[in-house]
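*Asks:* Starting off with a structure, shown below.
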Amino acid sequence: MSENQSPAGNQQTAAYDSAFLKACRREPVPHTPVWFMRQAGRSLPEYLKVREGIPMLESCMRPDLVAEITLQPVRRHGVDAAIYFSDIVVPLKAIGIDLDIKPGVGPVVEQPIRSRADLARLRDLTPDDVSYVTEAMGILTGELGATPLIGFAGAPFTLASYLVEGGPSRNHEHTKALMYGDPQLWADLLDRLAEITTAFLKVQIEAGASAVQLFDSWVGALAPVDYRRSVLPASRKVFDAVEGLGVPRIHFGVGTGELLGPLGEAGADVVGVDWRVPLDEAARRVGPGKALQGNLDPAVLFAPTAAVEAKTDEILDAAAGLEGHVFNLGHGVLPTTDADALTRLVEYVHTRTAR
Ligand code: 1CP
């Protein structure tokens with residue numbers, strides 16, 4: 001990476017020795033690094049102000065706005081990493097899928113993908129399709145100093161769920177009907193999504209991301225046998241394709257207690273854990289050679305400070321023997337979370353773990 005003298009490469013070099021990237025690489029850290037999933041673009045008043053009147057997808061395509069929203073939680077909370085402000089469906093929109101992000105609902109796809117003919121609508125993603133991402137990351141690498149920037153994408157299963165259902169779903173019934181009913185079409189769909197996701201992650205790494213996270217938020221809906229057979233190959237394809245690019249790869253899903261072993265096998269360097277499994281037990285399930293990320297229940301932040309600190313202590317104690325630990329929530333920041341509670345939590349973890 002040190003040979004890369006582009007502005008993005010310079011920033012990646014500056015961030016290389018950050019606590020966050022050291023923890024991802026399972027090296028000794030000056031303190032346990034902290035960032036929060038969905039730290040950007042939730043309830044911060046400064047976020048709501050800059051987003052006023054601008055639809056979500058449009059805001060993802062405005063580089064100055066993206067850079068500002070990405071930086072807001074770094075300034076306010078002093079987190080150890082920034083996460084690029086976007087959404088998992090942005091690359092699908094960029095290749096021409098007719099979708100929108102509806103306020104209070106989430107991503108909605110006009111014509112769901114359920115047949116072989118529908119699959120043909122998922123064309124390759126090129127860097128030109130997402131030039132605003134490259135531009136926004138260029139602004140960010142100029143502003144972030146030594147703070148690492150995390151790029152991200154949706155994992156093939158979670159993207160397939162939105163495409164096949166046509167929107168958010170509790171039971172993923174159409175998705176599972178396709179997975180069990182037409183295994184070949186399903187495999188081809190996930191393979192296509194793996195290629196799009198890989199192309200999107202490569203754009204971000206090239207533009208300055210120092211780490212990438214694959215969000216497989218809804219994969220906990222699957223039994224391990226089905227995950228191994230029908231999903232793992234596509235996720236592994238993504239991780240393999242971005243291996244050796246010099247940035248840690250993080251893998252995250254919700255409700256994955258029974259899947260932590262197979263998730264580890266998909267190939268990430270860091271495995272995200274929700275709050276249902278303590279980190280020491282999660283480490284046993286994931287196996288050696290991985291750092292873990294997590295795992296405070298986001299709802300705990302609604303309790304008094306002393307209770308938040310007690311739950312945080314439990315997590316830090318369970319993490320004491322890990323090869324590497326990145327402190328995070330077990331899922332995204334809830335929209336009505338008190339911003340000051342997040343700032344206090346960052347300070348608490350830093351102080352308690354200072355070495
Ligand atoms: O982390 C950050 O702060 C960066 C911003 C970010 C990220 C990482 C957004 C902005 N979306 C995401 C990822 C994302 N999007 C995931 C994976 C993370 C997770 O599990 O929370 C998922 C599942 C989505 C899909 C999505 N987009 C939903 C969930 C719908 C459902 O199925 O229940 C929703 C509500 C959105 C919209 C969205 N994404 C982001 C924002 C700020 C918003 C709100 C949109 C608005 O203001 O109208």
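We number each residue from 1, going along the chain as drawn.
Including glycine, each Cβ sits where the backbone N, Cα and C put it.
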*Asks:* Looking at TrEMBL, which one out of Asp87, Asp118, Asp124 binds substrate in the same site as Arg38, Gln39, Ala40, Gly41, Arg42, Tyr162, Ser217, His331?
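*Replies:* That substrate site, as TrEMBL gives it, pairs Arg38, Gln39, Ala40, Gly41, Arg42, Tyr162, Ser217, His331 with Asp87.
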*Asks:* Checking distant contacts: for the domain 'Uroporphyrinogen decarboxylase (URO-D)' (150-166), what same-chain residues at least six beyond its ends satisfy Cβ-Cβ under 8 A?
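*Replies:* Result: 35, 81-84, 86, 88-89, 91-92, 97, 99, 107-114, 137, 172-175, 178, 186, 189-191, 193-194, 197, 200-201, 204-205, 207, 209-219, 222, 231, 234-235, 238, 250-251, 253.
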*Asks:* Please work out the number of neighbouring Cβ atoms within 10 Å of the Cβ of His331 (substrate binding site), leaving out its own Cβ.
*Replies:* 22
*Asks:* Name, in the order they occur in the sequence, the residues of the same chain whose CB lies under 8 A from the CB of Arg38 (substrate binding site) and which sit 6 or more residues away.
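*Replies:* Those within reach of Arg38 (substrate binding site), by Cβ under 8 Å and sequence separation of 6 or more, are Gly332, Val333.
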*Asks:* Summarise the domain 'Uroporphyrinogen decarboxylase (URO-D)' (150-166) as counts of helix, strand and coil residues per DSSP.
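*Replies:* Helix, strand and coil residues of the domain 'Uroporphyrinogen decarboxylase (URO-D)' (150-166) number 10 helix, 5 strand, 2 coil.
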*Asks:* Max Cα-Cα distance in Å among Arg38, Gln39, Ala40, Gly41, Arg42, Asp87, Tyr162, Ser217, His331, the residues listed as binding substrate?
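*Replies:* Farthest-apart Cα atoms in Arg38, Gln39, Ala40, Gly41, Arg42, Asp87, Tyr162, Ser217, His331 are separated by 22 Å.
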*Asks:* Whole-number answer please: how many Å between the C-alpha atoms of Ala40 (substrate binding site) and Asp87 (site 'Transition state stabilizer')?
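*Replies:* Answer for this pair: 11 Å between alpha carbons.
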